[in-house]
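Trainee: First the structure, which I've put down as structure tokens, then a few questions once you've had a look.
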Amino acid sequence: MSELLNFNYPPEPAVDRVTLFADVILPLPLPKLYTYRIPFEMNDDVMVGARVIVQFGSKRILSCIVADIHEQAPADYQAKYIMDVLDDTPIVTVPQLKLFKWIADYYMCTLGEVINAALPSALKLSSESRIQLHPHFNPEEDDIPLATQEVKIIYALQQNQAMTFTDIGNLLQIKSYHKFIKSLIQKEAIIIYEQVSDKFSPKVVKKIRLSEHFVQGEGMLEELFEQLTPKPKQLDILLNYLQKVPVHQDVNLNYKGIEKSVLTNNPHLSKSSIDSLIKKGVLEQFDQIISRFPVDDSPRQLPMNLSEHQLQAKDEILGLFKEKDTVLLHGVTGSGKTEVYIDLIKHALEGGGQVLYLLPEIALTAQIVTRLMKVFGEKLGVYHSKFSDNERAEVWQGVLSGRFQVVVGVRSAVFLPFHNLSLIIVDEEHESSYKQYDPAPRYNARETALMMAHLQGAKTLLGSATPSIETYYNCKTGRWGLVTMLKRFGEAQLPDVELVNTREEQQRKTMHSHFSSKLLDGIEQRLKRHEQVILFQNRRGYAPFIACDECSWIPKCRNCAVSLSYHKFGNELRCHYCGYHEHMPSDCPACGATTLKSMGFGTEKIEDELKLILPDAEVQRMDLDTTKKKNSYQQIIADFENGKTNVLVGTQMVTKGLDFENVSLVGILNADSIIHFPDYRAHERAYQLFVQVSGRAGRKGKPGTVFIQTRDPMQAIFRKVISNDYESLYEHEIEERMRFSYPPFVRMIKVTVKHADERTSENAAIVLAKDLTDKLGKQQVLGPEIPYIFRIRNLFLNEIHIKLPRENVNLRSAKGLIAQAIQQLYLLPDFKGIKVVADVDPM
Ligand SMILES: Nc1ncnc2c1ncn2[C@@H]1O[C@H](COP(=O)(O)OP(=O)(O)OP(=O)(O)O)[C@@H](O)[C@H]1O
Ligand SMILES: [Zn+2]
């Protein structure tokens, strides 16, 4: 059963009234929790995990989460009273509060920042919040008892669409109006949203019905007939309506009415007469809102029968779970890990627990959700950033209430209010998109999931065809369990990987722009056979930069130390770091020449050129630029699934997890840019990327081929990719990590110092590095150094890397010292305006 317990129960009722205080988490980056006084009459209503309304500062009214209840008045300030209690039951569970605390401690941020990231804005009320009618709520139809004040609010919202708290206060002319808002939220009659952009526009159909008094009043209908007899067109409409809605049989039928289009689309009825009947008040027009999460009526399907290998993997996993909390399923691409997950989810649900299934990217959810929906139906919730805020709030409530027992989501799903988890699946566990870079909390959802599982006594299954070195190390040292699937499902074989030497082709003059003749021939061949192709290029846009052929001028971002990328769509130059954009100049602003040339290439250019080279092919692109709209992922994936598209060009979005049966060729256009990335993980990443994208080929029977274009085919990493030799990659990498002290042998913390002035940033970093060295020891602190991209959003960056040994270091106290050093830096007058960001376990 769920465990929505309070941290502290309110004390036993005493004869004397006790004065209680609540520590609350405000959704703000404050270092400490604030204490408010609980008014006596609310003593029984304030609960840990529930929201209360408080005044913060002189004006702001905010909702916040109660973290603790006690009798201790704050020592250094007079506690203000809590204004109102919003929830009858906690919306944040006790295990969640513990998790949030861990995130704040581990990732060196405030609880307020965690809460702010965790709660959908619809659950964060403030004086700026807005209120609208709940899209499901139909005031005419929904039969819920409402207080007079509530009716007033509903009526006003029907007229006004949206109102602020202040509007409601003015409307009711009373001070304690929050309870009515709260009650209406609970009755699902209204919803709250934070920003205008979050406003939920419900799907509405126009409907028509007879005005109430014609139906209810004795003899009224007969009278109406008489009235309309001289107007045959109007009478026709009335008769037609009564045919469809036989109110003489059951007056209640009138309530629902019919869709207006039923009448207006009827060629025998006059549209203008319909309108006159509405004007006269005979007919009544109203809007009906259509549900947001339509119930999936398609018949449930049983999970597929597991193959022998899958069954064995499943049994091994369950066996290992008896001794270990975490198991890695290392299964090659296309080995059928998803079906194993589904079976384990079923198993967990039968045991009565909740399940969280994490995916690194929204692009992956489309296919997986379809699959899971068929098996788990309305028990399945989906959580990601393409959902509107109110949809996310609905999933939140659904997890609390138990409506959703399985949730599929991207990294932020670790914040959901699970209270009875028994299994977490982290699919593609090696993915760096599990880590949030900015803003705080800079958490890694995989690590957070492990802690979450620990707090709730759940098991975690990590899955990947290319595990991260850290994870594999944990398996090798026996901390975690390891289960392997070496073969693809069914008859499918791993694809053949071939290297294409672009340097040679260039010398032979057989390159067509960025395509080798080998790759082009390969594509043409596949298309003739009605097979599909995926092309991967790690940059979006048309070209990473442009340059003047005469004077070598290169346009740079105003705010960042990067060149601007050229985007042909919109004919724009754009910064991928700050979003700055400008129109593409027609000639060079430096020398006036008209010879501006695009250099390098991104996905947009590949798409463009391929369409010219192969005019009959249907080419689509999937990258950040083509997936801005809510359903664009689904559309692109569906078009490719149905064979409407022949070639899919994309960034890392197309590289993993996707399952298309007809793809027989994968092309990697520029492998070298991926290998030569200045980072200790570059090889690991390159291997993962190449193997993952290769893994999209030949997944169902038909053999698959991969062409990797490179100028230097002798690089060692390629041999490992070609032979799919993860073990040898691991052996090589782990040795290097040990030798040069990198994770998993040390923990890293990256401290970035930012300032608008270059010298100040540098000097502050030097002072901070010195202080850190004094506090932590010389060996532990590297830098400061100026990063490759040394200026972003007008701030100059300097980085300090801290390496903390795994053994013999108290992580908590080390982080305490780092936080202290940062605080001390903030106090120095020389460095006013400085910003320091600590990133724990940076990726
Ligand atoms: N038991 C089964 N019965 C029928 N088809 C199956 C079964 N298991 C897997 N498949 C099919 O095999 C293909 C590969 O499976 P899946 O997508 O789960 O692989 P995966 O291990 O997750 O691969 P990747 O790591 O590349 O994402 C899919 O098309 C899936 O439908
Ligand atoms: Zn910029």
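Cβ coordinates are placed from backbone N, Cα and C, and glycine is handled just like the others.
What you are looking at is a predicted structure, and each value in this text was computed from that prediction instead of being measured.
These came from TrEMBL, pasted as-is:
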DOMAIN    318-485  domain 'Helicase ATP-binding'
DOMAIN    522-742  domain 'Helicase C-terminal'
BINDING   Cys548, Cys551, Cys588, Cys591  Zn(2+) 1 binding site
BINDING   Cys557, Cys560, Cys575, Cys578  Zn(2+) 2 binding site
Trainee: Other residues near the Zn(2+) 2 site, CB within 8 A of the CB centroid of Cys557, Cys560, Cys575, Cys578?
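Mentor: After dropping the recorded site residues, what remains is Arg558, Asn559, Val562, Leu564, His576, Tyr577, Gly579, Tyr580, Ile792, Arg793.
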Trainee: Ligand 2: which of the binding-site residues Cys557, Cys578, Cys588 have a Cβ closer than 6 angstroms to it?
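Mentor: The ones that qualify, in sequence order, are Cys557, Cys578.
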Trainee: Would you count the other CB atoms within 10 A of the CB of Cys578 (Zn(2+) 2 binding site), including those on all shown protein chains?
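Mentor: There are 15 of them.
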Trainee: Determine, to the nearest whole angstrom, how far the Cα atom of Cys578 (Zn(2+) 2 binding site) is from the Cα atom of Cys588 (Zn(2+) 1 binding site).
Mentor: 23
Trainee: Around the Zn(2+) 1 site formed by Cys548, Cys551, Cys588, Cys591, which additional residues qualify by having Cβ within 8 Å of the site's Cβ center?
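Mentor: Filtered neighbour residues, in order: Asp549, Glu550, Ser552, Trp553, Pro589, Ala590, Gly592, Ala593, Thr595, Leu596.
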Trainee: I'd like to confirm something. Which of the binding-site residues, Cys557, Cys560, Cys575, has a Cα closest to the Cα of Cys591 (Zn(2+) 1 binding site)?
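Mentor: That would be Cys557, nearest by Cα distance.
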Trainee: Same chain only, sequence gap of 6 or more: which residues have a CB within under 8 Å of the CB of Cys588 (Zn(2+) 1 binding site)?
Mentor: Cys548, Glu550, Cys551, Trp553, Thr594, Thr595, Leu596
Trainee: Of Cys548, Cys557, Cys560, Cys575, which of the binding-site residues has the most Cβ neighbours inside 10 Å?
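Mentor: When each Cβ's neighbours within 10 Å are tallied, Cys557 tops the list.
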Trainee: Would you count the other CB atoms within 10 A of the CB of Cys551 (Zn(2+) 1 binding site), including those on all shown protein chains?
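Mentor: So the number of other Cβ atoms within 10 Å of Cys551 (Zn(2+) 1 binding site) is 13.
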Trainee: What three-state class does DSSP give Cys548 (Zn(2+) 1 binding site)?
Mentor: strand
Trainee: Within 10 Å of the Cβ of Cys591 (Zn(2+) 1 binding site), how many other Cβ atoms can you find? Include all protein chains, please.
Mentor: 13
